[in-house]
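Visitor: Here's a structure for you.
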Amino acid sequence: MDKETIKAHKISDEEYAQILEILGREPNLLELGVISAMWSEHCSYKSSKKYLNGFPTKAPWVIQGPGENAGVIDIGQGMAAVFKVESHNHPSFIEPFAGAATGVGGILRDVFTMGARVVAGLNSLKFGDIHDEKCGKHQKYLVKGVVNGISHYGNCMGVPTIGGECAFDECFNGNILVNAFALGVCKSEDIFYAKAEGVGNPVIYVGSKTGRDGLGGAVMASDSFNEESKSLRPTVQIGDPFSEKLLMEACLELFKTDYIVGIQDMGAAGLTSSSFEMAGRSGSGMKLYLDKTPMRESGMTPYELMLSESQERMLICAKKGYEDKVIEIFKKWDLDAVVMGEVTNTGKMELFWHDELVGLIPIEPLSEKAPILSRPTSEPKYLSEIKNYKFELKSSVQELFIQMLQNENINNKAFIYDQFDSSVQTNTIKADGRLGASVIRIKENGASVAMAIECNSRLNYVNPKIGAALAVASAGRKVACTGAKPLAISDCLNYGNPQNPEVMWQFAQGCEGIKEACKELNTPVVSGNVSLYNETEGVSIYPSPTIVSVGVLEDANKTLKASFEKENLSVYLLGESLGEFSGSMVMKIQDKKVSGSLKELDYKAELALWDLLYKANQNSLLECANSVGIGGIAMTLAKMFAISSVGANLTSDFDDEKMIFDESASRAIIGLSKENEEAFLNLAKEFGVKAYKLGVSTSQKHFKLDSIELSKAELDKLYFESFKEQIQ
């Protein structure tokens, strides 16, 4: 094998030596391609696995933790929620519409593969500076393309996209982030797993035909960008949501039978990863007859068939004798279905082309025992330069308030979420635009499931460990503010180039923060994804661990809103304001800096707040609640009253007026009626949570907070109209 070919497959000299040892000979091109894909960062998690192994993954309500297509938790009365978040960053930067659309398609398949009907989608989007003279126009093009791709696929599939977050920073100028989350619901006893066992059991290919789209996608997603990357459009998969809709319905029909042993989505690295993962998990071997693959293009080679990432395809291990029944279901839905192999006990993948053996590879070294790297780490030098920066006001509070409310990181994103169908399936209780977590009703048990997606990259830049812990806490707090109990998380870890020791240090610290927060807050990790090499021309993104927290409220009718719908409601701030301006939005907007050093998270205070919100809501004491996030109480209150029908007369009583922009954790704003005040304050005392009265909601269409005064019309215009103008 010549060195150029090996290098083109991103295989290092050390890895090639391992390949020679595993095979006992030189690999052929097909084998090299398969091993390259399975050992890519995207499939093997070789740089990250050692840090992920420490995550807490168990709890009495966890049915399935990491290692399957998606995580599963018990949501009561025999029902389960199946969910996962993952990235489609690199393809979305190259081809925004197709990249984002297939990102949605992939995550939907991960969920319905487990036997669940998908009932909700969320997304976390990060773009570059839309005001930048050089790249602003291109960033707007990316925003429009990505949003169009997500809405097209989700809407056509009939899956409601009910929430998300969107942020802008120059660190994403060369690498945008597109993280998609899906949640499905099924009976706890009806979950299917990705396994291939039972010698002689048939392996069946189902779904769409295989083309040349997405070739090398897993390897591309395991590398950083440079000028040449702009020509990579052919490696972006093309999605067809209508085929996926048929595939989902066919799979859900199949799951009502007892015809199959296991099923796996063909995602990154296509047929390669699905076959190796199924056999690897089961300790089996497999024979695949590649010439039987349904092909969309003529003249395709075994190499292309094994590595194509054509969408809307699954691999099924059926029970022997039931092949025809399985095929019949997929034919009914107008999909391809063909027996293309069988399970063996050899522990090897045997690849045939017109009955000739063209590839023979041991499965375990490519799946369960793929190489794990221990990359060098070193603390980034920039941390010592930024840690002592202190924030002081340089303009009037009113000026800063207006500047912040119309900033694209804070203002309303109706331009985005209006493109998503959030009400299809008629289960949506609280969707995007209503602040905080999104909520759906579970008709089968009367409960609701709340979910929130969270990632503040600036905080992770300032302190990767505390920043990641804060993301877990913040996502959980948003769920708690709906009245639900946070139960588990899914994570999508977006970082730069792991070959840079400073990036690897950020990653290790981020994992430590997630591990600590999940343990202390009792929200285990049940699924996730790692996206590395988010780097262009040597510049890495800020560390960006996206966290989705999922919680349950036993009675959907008790779901809390985030808006004030009545006058004369008492407005309270819960939790302590500690003057946390490090990595804050106010610092970024006023000083154009991301600096400081974060305070450790007080987990006891965070948990006490969650417990208080849950108990107060169970006792019907609250009218509304919302987590205090970026921009502090100033922005939280502004947004709550912008989406409300009433005005506000509020006073913070802070000694220093800049404190209204403080971003301390473990805080929430609540609204409650005067007759419930005493009972609530007694409860807050019981839980050890400080409650500060800020004022009341009023019938006057006016917003007043300390020295800030605006008419409700001005407030609404700043919040609702700004982004539409900025994105044009």
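Even glycines carry a Cβ here, placed using N, Cα and C.
So Swiss-Prot has the following annotated:
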{"type": "ACT_SITE", "residues": "HIS42", "note": "active site"}
{"type": "BINDING", "residues": "TYR45, LYS84, ASP491, GLY528", "note": "ATP binding site"}
{"type": "BINDING", "residues": "SER87, HIS88, ASN89, HIS90, ARG109, GLN237, GLU309, SER310, GLN311, SER531", "note": "substrate binding site"}
{"type": "ACT_SITE", "residues": "HIS88", "note": "active site, proton acceptor"}
{"type": "BINDING", "residues": "ASP110, ASP265", "note": "Mg(2+) 2 binding site"}
Visitor: May I ask which of the recorded positions HIS42, ARG109, ASP110, GLU309, GLN311 is closest to LYS84 (ATP binding site) if we compare their C-alpha atoms?
Guide: ASP110
Visitor: In Å, rounded, how far does the Cα of ARG109 (substrate binding site) sit from the Cα of GLY528 (ATP binding site)?
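Guide: Counting only the Cα atoms, the answer is 15 Å.
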Visitor: Rounded to an integer, what is the Cα-Cα distance in Å between TYR45 (ATP binding site) and SER87 (substrate binding site)?
Guide: 14
Visitor: Within 10 Å of its Cβ, which one of these recorded positions (HIS42, LYS84, HIS88) has the largest number of other Cβ atoms?
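Guide: Of the recorded positions HIS42, LYS84, HIS88, the most buried by Cβ count within 10 Å is HIS88.
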Visitor: Tell me the Cβ neighbour count for ARG109 (substrate binding site), meaning other Cβ atoms within 10 Å of its Cβ, over all protein chains shown.
Guide: 27
Visitor: Do you know offhand how many angstrom separate GLY528 (ATP binding site) and ASN89 (substrate binding site) by C-alpha?
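Guide: Per the Cα atoms, GLY528 (ATP binding site) and ASN89 (substrate binding site) stand 15 Å apart.
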Visitor: Neighbour count, 10 Å Cβ-Cβ cut-off, for TYR45 (ATP binding site): what number do you get?
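Guide: The answer is 19 other Cβ atoms.
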Visitor: Please find which two of TYR45, LYS84, ASP491, GLY528 have the most distant C-alpha atoms, given that the record lists them as binding ATP, and give only that distance in angstrom, rounded to a whole number.
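Guide: Result: 17 Å between the two most distant Cα atoms.
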Visitor: What's the number of neighbouring CB atoms sitting within 10 A of the CB on ASP110 (Mg(2+) 2 binding site)?
Guide: 27
Visitor: Taking the centroid of the Cβ atoms of TYR45, LYS84, ASP491, GLY528 (ATP site), which other same-chain residues have Cβ within 8 Å of it?
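Guide: Here the nearby residues are LEU52, PRO66, VAL85, GLU86, SER490, CYS492, LEU493, VAL525, SER527, ASN529, VAL530.
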